[in-house]
Amino acid sequence: VPNSYESVEGGGYSGTSLQASLRHLHPFPSLSELSSALGGLGGVSELEAETLRPVNLLQERNILPPKHAPPPEPNLSNDLRKVNCSPDTFRCTLTNIPQTQALLNKARLPLGLLLHPFRDLTQLPVITSNTIVRCRSCRTYINPFVSFLDQRRWKCNLCYRVNDVPDEFMYNPVTRSYGEPHKRPEVQNSTVEFIASSDYMLRPPQPAVYLFVLDVSHNAVESGYLNVFCQSLLDNLEKLPGDTRTRIGFVTFDSTVHFYNLQEGLSQPQMLLVSDIDDVFIPTHDNLLVNLKESKELVKDLLNALPGMFTHTRETQSALGPALQAAYKLMCPTGGRVSVFQTQLPTLGAGLLQSREDPNLRSSTKNVQHLGPATDFYKKLALDCSGQQIGVDLFLLSSQYSDLASLACVSKYSAGSVFYYPSFHHVHNTAQSQKFQKDLQRYLTRKIGFEAVMRIRCTKGLSIHTFHGNFFVRSTDLLSLANVNPDSGFAVQMSIEESLADTSLACFQAALLYTSSKGKRRIRVHTLCLPVVSQLSEVFAGADIQAITCLLANMAIDRSISSSLSDARDALVNAVVDCLTAYRANGSNIQPSGLITPAALRLFPLYVLALLKQKALRTGTSTRLDERVFSMCELKSQPLLQIMRMAHPDLYRIDNMTEQAALHLNDSVIPQPPLLQLTAEKLTREGAFLMDCGSVMFLWVGKCCNETFIRDVLGYPNYASLPSNMTEIPELQTMYSERTRAFISWLLESRTFHPAHSILSFSRDDTSAKTSFFQHLVEDRTESAFSYYEFLLHIQQQMSK
C-alpha cells in the first residue's frame, strides 16, 4: 500500500526511513568552528546551529526577541511535521527526547509535558463511527503516527503491537472510497474528537446542572457583588451551555442556609431556611434544582429580587462549610457544577477557619508560613464531590484575609477553578468590578464538559510520575475531572525508564473523555510526536525554554508547600546553575570568562528571575498571603502562555506606533510595536506604554507624553486632566484611536483562550497602580531582589563554587 506512514517506525520498510531524515549533530562545536562553518557543518541545519550558538549573557544584553519567538519546531520529516499536534495544545520541555535517563540527567533539564486539552478550537475533526480503533494491548487510539504494515494490519506507535484493521475502517467517509485506511481522518489529524458509544459510559450522560451558592452576609451585601452577579446571570441566562434538560438552582447563606423552591407554576420563588447548620439537611428534594426552560420566569424573578432581599441584614457570620455540604447533597444524584461566591473567612459550622496571617510578616525575607490548608475539610469535601461528578468553582471577593490556602482545596481536588478579587467593591473599585463582570461573562458562557476523565499515554520506555493542575488522580494515570473547561492547563513530569535506542520517535497521547453540555459522550484525543536523540548537544538544541519555565514553576509551587518557600527558590536558582554547568562541562571546549549558554537557553536565567519576583514566589516585597496563594493556584492551573505572561509580561510602547511592518487583517491595520525589555530604562516620560500581564493590562502614560496621543486615543485634552481610574480605551473616530484599539484587540484575540481584560491607566498621582506596573519590571533591582545583571553574576558565582 503506498502510504507515507511506513517510515514512522523507522524499521526495515522500503522508502526513506525516518532515521535518515533525522540529521545527527556532531559533538558540541566550539565558537571558532561554528563561526567558520555556520550552516555547512556536516548536516547541522542553520536552525540547529543557531540554537546551539554559544551566547555570553554578560555581554549580550539585548537577548529578548522583538517579536514572540514561536515554540521550537521538532526536527521531523515534513510529512510528520504537517500532521503533528499544535504547540498551543501540547508542548514538551524537550523537543528532542533523550534516548536514556542517563543522557537526560547529564543535561540537567526537566522532562515534562504542558497540556491545554479542552481549549477552544476553530477546527476540530469530529468522527462518528461505530468502531473507535484502539490498540488491543495499550489502548492507544489510532493516530497519524501509527504504521500500516498492509491494508489489514497496523502497528501501534506506543507499544509496537500489531493490530488488525476493522472492516469499517476500510471505508473513508471523507473521500467515500474503500481500501485506504491510512487516509481516514483519525490518521490524518493529530487532534480529533470521537462521538463515543455506550461502552464509554458508566451511566446515561448527565444533563448540564448549575448550582449557585451565594454569600449574603453583611460583608457580601456591602461589597455589592450580588448586583453584578445577578445582572450578569440575567444577561447570560440564554447562553448557559446546555439543552432542554439543563437544570439550575440557588442556595444563599449567612449564619444559616437558605434554599429556593422554583417549581414551575408558583407565583414567586419560595425561600426555605435551614438554621441547623451542624446537621444540614435538604428541606425538600423537589424543585430546588429545576429545569431552566420550564422555570425560567421564576429564575429571573429570583435574580431580580436577590440583591434587594438582604440589604438591611445584620448577619455578619459565614456558614460556608454547611452551605457546601448542602450543595453536595443537592447535586449528588446528577453531578454538575457548583459556583460558590464567598466574601470573608468562614466563621460557623464545619470548615470554620481562624485568621492565620500576620500582616507584619508580609515582606519577610524568611520563610512564609501557612501556604497549606489549615483543615482537611475542604479537600475531603472536594474528593466526595469529585466522586459524584460535582466540580466546585470558587469566587473569592474579599478585602480581608480569608484563608484561600484552605478554601482553594474545594476547587483544586474537584477540577474546579479559583477566581480572586482582592478589595472588591462595586463602587470604590471599578477596575475589579469590571474584571469580575467580564470574568463572569466568560465563565457563564464558555464550553463545559461534565463527568470527564483524562489519561496520558506515552511511548514504551517513558513514564509519567507527577501531575500538576486541578483534578483528582483516580488510578496511577487517570485524572478525574468532574468538570473540564477550556481555560485550564495541566502539566506532567516524566522519566525515561527504559532506553529508547530502538526507536527514532517518541509519542505522547492525551485522551479526554467527557459529556458535552448537550448530553453527548465525546472523546477528544491529541497526539504529539517528537524525535529521539543520542547526543547531549541535540538535547540542548531542542530545549523549549517557555515549557521548561512553566514546568519548573509548577514544581516550585509544590516544593514551597511540601517543604518551604526558600527551598523552592533555591531549587529554581539551582536549576539554572546545574543546567549551565552541565553545558559548560560537556559542551564547548572553550572556557571564556563570562556566563555561556546555548542560544536555545539564553532566556533561562531571565525567566527564572521573573519567577522569583512573581507574587507566588517572591520574598522581601510586601505580599498579602491570599494574593500569594492565589498566584500559586494560577501557576498550577493555567495554560502555558498565560503563565508566561504572568511571570514575564509583554511590554510595548504604543504612543508612536506606525504602519511599518504592520499586519493587514480584514481591512484593519494592526501595528506591530517591538517587545521591550522589562526595565525602567525602556520607559520614557515622553511615551505611553502598554504592559500585557495576561489577565490584566496596564497602561502607563509618561508626564510629557505627546498630547496628540492623549487627545486622540484617551480622549482627554492633556496629561493633567487624565483620571486615575480609566479602565477602557474609548472608541474615538481618529486614526490613532483605531490603530491602538486594533492592536489591543489583536493582542486579546490572538490568545488561545479569552481572558477578561481590564485596562488601567495611571497618571502621576495614582501610586497604587503605578506600583503594580513597576513591580513587573523584572530586570530592575528592588530593595530585596537582584537586577537581571546582578542575578547573572550570582549564577556565575554559584557555578564556580
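Any Cβ shown, glycine's included, is placed from N, Cα and C.
Copied over from TrEMBL:
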DOMAIN    132-169  domain 'Zinc finger Sec23/Sec24-type'
DOMAIN    205-444  domain 'Sec23/Sec24 trunk'
DOMAIN    449-533  domain 'Sec23/Sec24 beta-sandwich'
DOMAIN    544-644  domain 'Sec23/Sec24 helical'
DOMAIN    671-744  domain 'Gelsolin-like'
Stretch-level contact, the domain 'Gelsolin-like' (671-744) and the domain 'Sec23/Sec24 trunk' (205-444), CB cutoff 8 A, at least 3 pairs:
yes
Tell me the residue counts in helix, strand and coil for the domain 'Gelsolin-like' (671-744), as DSSP assigns them.
24 helix, 11 strand, 39 coil
For the domain 'Sec23/Sec24 helical' (544-644), the number of residues DSSP places in helix, strand and coil:
70 helix, 3 strand, 28 coil
DSSP helix/strand/coil residue counts for the domain 'Sec23/Sec24 beta-sandwich' (449-533):
0 helix, 60 strand, 25 coil
